[in-house]
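As structure tokens, the structure follows; a few thoughts come after it.
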Amino acid sequence: MPEKERAFDMAIRYNEEKQVFSLHTKNTTYQMCVGKYGFLLHLYYGKRTEGSMDYLLTYADRGFSGNPYDAGTDRTFSMDALLQEFPTQGNGDFRTACLVVKNSDGTYSCDLRYKEHRIVQGKYAIPALPAVYADENEAETLEIVMADVVTGIEATLCYGVLEELDVITRSVKIVNGGKNDVSLEKVQSACLDFMDGGYDFIHFHGRHGMERVMQRTKSMHGLQSIGSRRGTSSHQHNPFMMVAAEAATEETGDCYGLSLMYSGSFKGEVELDQYNQTRVTIGIQDEMFSYPLAPQEAFYAPEVILSYSEAGFGRLSRNYHNVIRYHVCRGKYKDQQRPVLINNWEATYFDFNDEKIYSIAEQASELGVEMLVLDDGWFGKRDNDYSGLGDWFVNEKKMGGELKGLVEKINALGMKFGIWIEPEMVSEDSELYRKHPDWAFVIPGRRPVRGRSQLVLDFSRKEVVDGIFGQICEVLDGVNVEYIKIDMNRSITDVYSATAGDKNQGAVLYRYVLGVYDFLERLAARYPDMLIEGCSGGGGRFDAGMLYYSPQIWCSDNTDAIERLYIQHGTSFGYPVSSVGSHVSAVPNHQTGRSTSMKTRGVVAMAGSFGYELDLNKISEEEKQMVREQIKEYHKYWNMIHNGNYYRLTDPAVHGEIAAWEFAAADAGEALLNVVTIDTHCNASVQYVKLKGLAPEKVYRIEGEEGIYSGDALMNAGIPVPYMSDEYQAWQVHFIEA
Ligand code: GLA
């Protein structure tokens, strides 16, 4: 089929005659067209194809699916049945919409038609919001401007195509080009319409201490939705989700991912419609959202990272790992080895002083640990979690003086120093709250909901962000702090911004997130060499938005090695191992009471940015020796763990006996196999694991052992896991090319 396409070597092609846009990546194609009357219709997303697929559109006269007025007597053209790129409410499509606009006359309607488009080299950025970045030659951008001629509303749909990575990003800018105020009541960043049904909806739910548990359900007629109303992306649902063919597995089948780069309340939806078509959307949560847009004002929706794999979840995950670690994470530590750290939280909780911290550091440095992180309790009046938040000055009585002295002593041990902060919070018992009670979210006339006995600061206000930022800079300036852990320990309620006015309260939660991003951006700019670790009671704000500012996030407050198997398994679907903060802690574990060996705890924590979270003075000499070895091993395998390919070999929730995962070098020259037993039986059957990502023709040996194995045997027949009689044992072996 001859095509008048813009240029065949472009990732984005436009067929002028048919008005078809094709977005090509190495293995995928995304296609849409300007249909009759200027509606933007979706055609296809999936395995790479050539040529226009507008022949896929079908038209029929269907009862109760109305027709645009322009269609005249043609009753076969209905927005209720056609696939769309950015569905709006009010144009005859009764499925869930991406855009709901309340007009100045109180009506709800918006009718977007194609106006113009641009194709440019490079990847677009979004003002004040995180976005995937790429070099000029690594990405192309398509912007399609859609307009409502009645109100003057314009929506610019942005598509970023990262060809090599099989990634397409989407976001939307809404401009009020009219003369009257309007209000945006719902803005989803992306819609994926499918011509068929039969997709599974896969999402990651959880709770504090058990984040990102995968759930797979069949899509059903009607709307299924997940999301957060907590002001943060939340422990309860993660803003990464997938839809997949019913038969899709780790290795086979069509699957699609949507990762929202946003750290606030969000909503993800899957709707199977009356004609068995599937609509998937994701974006900002529309509950408590009502964004006033005055003439000429613009609203930016957060970015969604889309990817498709024809080869199951494994490949889809690796697409996300690559885009996040190299095109979302930034800063010095994006691809640099992160220091092995020791954090004092589970070692001391609030009960410490400078001497105790120093003694933990001293012992840790002797064993090879590279950084001491001073957690909660070093500032204000903070000996428990009832007071002190908001007072970001050193408690000199507790710390024996200024921070500088302690940092210098720790640096003299050859260790870096890091510190914990929770900038968005305030305790009622604090100097800050006494001085600025209106800085906290409290609805006038109501008593606020407390969470961990604290209130949330109104980060939608610049003066509040400025105030906290200023205090924190005073602590950090002139002191050699090389890491900062940024925490956020409650869900947001009582949203009321004292300076916003009545009309703007529905925009506060969105502006709050922008305020947090502004804070993080300023921090990164002022301290460019600082390693920032995100945290929200562990993994309550583990999202691609946060990873733009912090290349690692404390994965969970649950440090139990066995529970971490499940949490880290779920996390790995949408996020790279390099982003997962993971520590060896004491036994019996403080959250579960379970005891596991030092070896098992080490193997599990190595599937992440590795560290310790216990008092190493309190472990046996034998365990101390193991710590020394673990750190050496982590250094040895670091590159493969952080930059290699990650493979899930079992689903621990399904397998029941073992959890197995693997890191393989990109050139398949080596691999690190990890197995942990999660259940033991008398006279048990043998477990085999099949490796992945090796070269079938290559021959491998296990480091330190006799014998050779062919790559195809290891991948097709597997290898028996040695019998481990005790529960929760770990087996970690290094395969190298023989
Ligand atoms: C949160 C974090 C912990 C620790 C405490 C301190 O729960 O997830 O790691 O920093 O706060 O209060």
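Glycine is no exception: its Cβ is also placed from the backbone N, Cα and C atoms.
TrEMBL entries are annotated by machine, without manual review.
Taken from TrEMBL, the feature domain 'Glycosyl hydrolase family 36 N-terminal' covers 38-294.
TrEMBL lists D487 with the feature active site, nucleophile. Taking all protein chains in view, 22 other C-beta atoms sit within 10 angstroms of the C-beta of D487 (active site, nucleophile). Secondary structure at D487 (active site, nucleophile), as computed by DSSP, is coil.
In this structure, D557 (active site, proton donor) belongs to neither helix nor strand by DSSP; it is coil. Within the same chain, residues at least six positions away from D557 (active site, proton donor) with a Cβ under 8 Å of its Cβ are H208, G209, G537, G538, Q591. The active site, proton donor annotation in TrEMBL covers D557.
Per TrEMBL, the feature domain 'Glycosyl hydrolase family 36 C-terminal' maps to 659-735. When pLDDT values are averaged over the domain 'Glycosyl hydrolase family 36 C-terminal' (659-735), the model yields 96.
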